[in-house]
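Engineer: Here it is: the structure, laid out below.
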Amino acid sequence: MAVGLCKAMSQGLVTFRDVALDFSQEEWEWLKPSQKDLYRDVMLENYRNLVWLGLSISKPNMISLLEQGKEPWMVERKMSQGHCADWESWCEIEELSPKWFIDEDEISQEMVMERLASHGLECSSFREAWKYKGEFELHQGNAERHFMQVTAVKEISTGKRDNEFSNSGRSIPLKSVFLTQQKVPTIQQVHKFDIYDKLFPQNSVIIEYKRLHAEKESLIGNECEEFNQSTYLSKDIGIPPGEKPYESHDFSKLLSFHSLFTQHQTTHFGKLPHGYDECGDAFSCYSFFTQPQRIHSGEKPYACNDCGKAFSHDFFLSEHQRTHIGEKPYECKECNKAFRQSAHLAQHQRIHTGEKPFACNECGKAFSRYAFLVEHQRIHTGEKPYECKECNKAFRQSAHLNQHQRIHTGEKPYECNQCGKAFSRRIALTLHQRIHTGEKPFKCSECGKTFGYRSHLNQHQRIHTGEKPYECIKCGKFFRTDSQLNRHHRIHTGERPFECSKCGKAFSDALVLIHHKRSHAGEKPYECNKCGKAFSCGSYLNQHQRIHTGEKPYECSECGKAFHQILSLRLHQRIHAGEKPYKCNECGNNFSCVSALRRHQRIHNRETL
């Protein structure tokens, strides 16, 4: 069997056509935008996998058009001999000649069966497939038997259910019928995804196929173990109820990548000549063996001339080289943003559509990319697979580990081109640059105030909601932000960590120290545009400007009196509370504010004089 498989591969039996699905222009219009994106992603990924396995010699026209962002139906083939001069080179299968294609309006069951028998492809149980109203399902046989796959390409513009048999004459009005002969494992073996995961561990095609298969089983139970393409197709394409325009499409090609899996599955029917000691996989043909072997050997023969980075295949090198030349051929029609790879464009377009097809089965949170879902699920599992070798701290994402390691190396690769300040994270640079641009993209829906950081907006909104989630464990006082709580703690501890280098005066808050330093320099950068008075900090200017505007936003809840400054309100509230924290050392009198105490102390000073 292994010899026969290698012979089949050498004759071109395993090609891109085995893992591709064509749509006519009319059929393409039935697809939703998200399904078109999925189609593009899967077709390009299938081609990459073929390249990786060494099974693709020349790039198909379909791939070229998909890479250019064009519609795939532009490469719709006319399957009759008269409409395709280069038919034999397209199908790439020497055993199949154009006489296999029957370009007639109607063809009877007997005629098709007669042609099958004439080519030695008679299957006694194949006739049973004709009983199911043209739903040409994958027909199960054992691994040693021939398997007939029927793909019908038909016109849908008439709105007729062309693939149904009429009761009289049992005729099949098909545009054309293409019959290919393959050897495949049983359906039970096809469902052993763990085998395929060894060969394609990160393949999104497998992931999507598993999902669809699970959904199908939940709908139909275990009554039938054969694949029902029409079930998948009707669900995924959004066909109106009662119509079955594509019943005979082999839609599983799009998601199962079955031809390559069939080749790998052959390892379970006998000893094969090429095997790996590293992973236990065996391959029936040398081209299967040599390409995956590069994973274990680390061989990367294709090196970039610009940066020296190496790749296992020239296809991946070509994609990488776009980073140097700046080529971004895939452009978003919504915002004109361009990308180097079509897969990146498809992911980006979900921002505009809002599509989040990957949902967490633990909490229901949905994501636009499968990779984001995998990272999120580690929150539930507690898995942190990325560990720092320096301090053994573990992380859920490799990107977080890379960022953390810069603490140890001191690397700050992101530099501001305005002031030269460098940062260890790109997001930190992006946020910093808003200081120079004045950009404040986060707006409060209550008062319209804008902020440069989302965290600042969140803190501000607590003014409107009254939320104060941070509590002092010493006195029970609550604060809106953790920084306010930290500053408050220093009242209890007496800590003043911020010291002026000029006069030695210490402060509990860094901002107060900054304002203090301006008193030494005489710097007053904040000037009132009404009277020209200047101030050392912006908050002083804001308070001053209320004199001109008459604004008094701070109102006493006891008597209704309003004030320009919040400090004035606090001093006033001590009158209602009877609080007098400032005591005269001479006579023992108490006062509600320090200015009242100072006025009082002048009396004692005059008495001594």
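Glycine residues also receive a Cβ, built from the backbone N, Cα and C atoms like all the rest.
When I checked Swiss-Prot for this same protein, it listed these features:
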type	residues	note
DOMAIN	14-123	domain 'KRAB'
ZN_FING	274-296	zinc finger
ZN_FING	302-324	zinc finger
ZN_FING	330-352	zinc finger
ZN_FING	358-380	zinc finger
ZN_FING	386-408	zinc finger
ZN_FING	414-436	zinc finger
ZN_FING	442-464	zinc finger
ZN_FING	470-492	zinc finger
ZN_FING	498-520	zinc finger
ZN_FING	526-548	zinc finger
ZN_FING	554-576	zinc finger
ZN_FING	582-604	zinc finger
Engineer: Can you tell me which parts of the same chain pack against the zinc finger (470-492), counting only residues 6+ beyond its ends and a CB-CB cutoff under 8 A?
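Structural biologist: The answer is 459, 462-463, 508-509.
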Engineer: Across the zinc finger (582-604), what are the DSSP residue counts per state (helix, strand, coil)?
Structural biologist: 11 helix, 4 strand, 8 coil
Engineer: For the zinc finger (302-324), what does DSSP give as the number of helix, strand and coil residues?
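Structural biologist: Helix, strand and coil residues of the zinc finger (302-324) number 11 helix, 4 strand, 8 coil.
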Engineer: Give me the mean pLDDT over the zinc finger (274-296), rounded to a whole number.
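Structural biologist: Across the residues of the zinc finger (274-296) the model's pLDDT averages 45 on the 0 to 100 scale.
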Engineer: Count the CB pairs under 8 A between the zinc finger (526-548) and each of 386-408, 442-464, 554-576, 582-604, then give me the winner.
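Structural biologist: Between the candidates 386-408, 442-464, 554-576, 582-604, the best contact partner of the zinc finger (526-548) is 554-576.
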Engineer: Which sequence-distant residues neighbour the zinc finger (554-576)? Criterion: at least 6 residues beyond either end, Cβ under 8 Å.
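Structural biologist: Tertiary neighbours of the zinc finger (554-576) are 543, 546-547, 592-593.
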Engineer: Using DSSP, how many residues of the zinc finger (554-576) fall into helix, strand and coil, respectively?
Structural biologist: 11 helix, 4 strand, 8 coil
Engineer: Write out how many residues of the zinc finger (442-464) are helix, how many strand and how many coil, based on DSSP.
Structural biologist: 11 helix, 4 strand, 8 coil
Engineer: Are there residues at least 6 beyond the ends of the zinc finger (498-520) whose Cβ is under 8 Å from a Cβ of it, and what are they?
Structural biologist: 487, 490-491, 536-537
